[in-house]
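Chemist: Pasting in a structure now, in structure tokens, and then I'll have a few things to ask.
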Amino acid sequence: MSEIGSYHDTIFALSSGRLPSGVAVIRISGPKTRFVYETIRQAIPEPRHAALLTFRSRNGDAIDRGLTLFFPAPHSFTGEDCAEFHLHGGKAVVEKMLAVLGELPGCRIAEAGEFTRRAFANGKMDLTIAEGLADLIAAETEGQRRLAMQVASGNQRKLYSEWRQRLINARAFIEAELDFADESDVPGSVSMQVWQQLSALKHEIEHHIASGKRAAMLRDGLHVVIVGAPNAGKSSLLNFLAGRDVAIISEEAGTTRDLLEVKLDLGGIPVYVTDTAGLRETDSVVEKIGIERARARMAEADLVLSLEDMSGPVSVTVEKIEAETWLIGTKADLGGSASGLWKYHISTMTGSGLEQLLDALQAFAEAKIGQIEDAVPTRQRHINLLRATIEEIEKAIEGDDLPLELRAENMRLASQFLGRITGDVDVEEILDVIFSQFCIGK
């Protein structure tokens, strides 16, 4: 992000999305927000009350007629003077309004995430809440929305702040024992009690990290891979799951050469299903590449659906992979073996067994995700810093042969790592990465 550290500029951007639209919302934030009202020949409206006005250029020409809202500092999203202009969502209208604002001294178009970054800088939110807002905007399923809302509501911040305060309090006891060991009002040897408290905290953080694996699955989605020999019905199954023709279906073996992926919403959980090249020996260079990609995707899968044509001879061979594998018998309408090898029998021609398979996929996804707690680490950044926190706590607990001064320093570092998650300490180098994930206007 360019030079915005001082926040002397007043920023503006279209916040309401793609044009044309019924209504377009332009957001403004910064010290010259009041000057903007003066420039468009309008009085500043009563705070947080919608006012109808005519938006004008600097020479007095009418641009549009619409609503405006004014939010004076510090009681605004960014903590600065803010305004919203609600105009008709025509492209020419919005472009003219943005051009007028861009001509004003000290005003410029906002960069991606800059409104939220200013809110963070002004203490209106911490980094976990900002990340939760980014996830809320990106959420495509109900489960993702719920998870993002939990984070954006401040549940993570509350938990991490509590843990950090416990570390600070424990460190204070140790330093009190160091500095005032001869004073009568300092309990004798409180350190044993402190180590017990730290051990309990360590176990809490470990449990918290474990819950983050499920949250990551919900945020990033589960991955299901369809494999099998050529003409086993893989593409037909993918088309059924997608509800449209995604893959080409042909009697010619080896039609699918590359990976084809569709995204499903199963009970609010995002599930990515990938169709792969048929697994067989081949002299085709292109087909070999497709088969290698299929094997690579299998290695990353949460679930593998191994398909085999039931109308032919039973010859189930499943490659050794870590993911759970379901054996699916296809083309059930053509008869053939009713072998107990198959977990499910399906026919994309008659629809037999397909709804049962879809229900099973949803049940699998729900079991994988489980019950998401109120506060969970949703990003790898959180987990890395939580693990660093545990490492410092372990050093403090296990350092029986070390001076108390060094063990107190381990506790200080542990609290610092927790502070980095919320942005309370030393996070300048990651701010650009976090806020660049937002769209312009947020």
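Cβ atoms here come from the backbone N, Cα and C positions, even for glycine.
These came from Swiss-Prot, pasted as-is:
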- Arg27, Glu84, Lys124, Lys442: (6S)-5-formyl-5,6,7,8-tetrahydrofolate binding site (BINDING)
- 221-366: domain 'TrmE-type G' (DOMAIN)
- 231-236, 250-256, 275-278: GTP binding site (BINDING)
- Ser235, Thr256: Mg(2+) binding site (BINDING)
Chemist: Does Lys124 ((6S)-5-formyl-5,6,7,8-tetrahydrofolate binding site) have same-chain partners at least 6 apart in sequence with Cβ under 8 Å from its own Cβ, and which are they?
Modeler: Phe77, Thr78, Gly79
Chemist: Counting Cβ atoms within 10 Å of each candidate's own Cβ, which of the binding-site residues Arg27, Lys234 comes out highest?
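Modeler: In terms of Cβ crowding, the pick is Lys234.
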Chemist: Which ones in the same chain are close to Glu84 ((6S)-5-formyl-5,6,7,8-tetrahydrofolate binding site), with CB under 8 Å and 6+ residues apart in sequence?
Modeler: Ser15, Val25, Ile26, Arg27, Ile28, Thr68, Leu69, Phe71
Chemist: Taking only the Cα atoms, work out how far Ala277 (GTP binding site) lies from Ser235 (Mg(2+) binding site), in Å, as a whole number.
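Modeler: One finds 9 Å between the Cα atoms of these residues.
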Chemist: Mind giving me a neighbour count for Asn231 (GTP binding site)? Other Cβ atoms within 10 Å of its Cβ, every protein chain shown.
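Modeler: The answer is 21 other Cβ atoms.
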Chemist: For Lys234 (GTP binding site), what is the secondary structure by DSSP, using just helix, strand and coil?
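Modeler: Lys234 (GTP binding site) sits in a helix per DSSP.
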Chemist: What is the total of other Cβ atoms whose distance to the Cβ of Ser235 (Mg(2+) binding site) is within 10 Å?
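Modeler: Other Cβ atoms within 10 Å of Ser235 (Mg(2+) binding site): 23.
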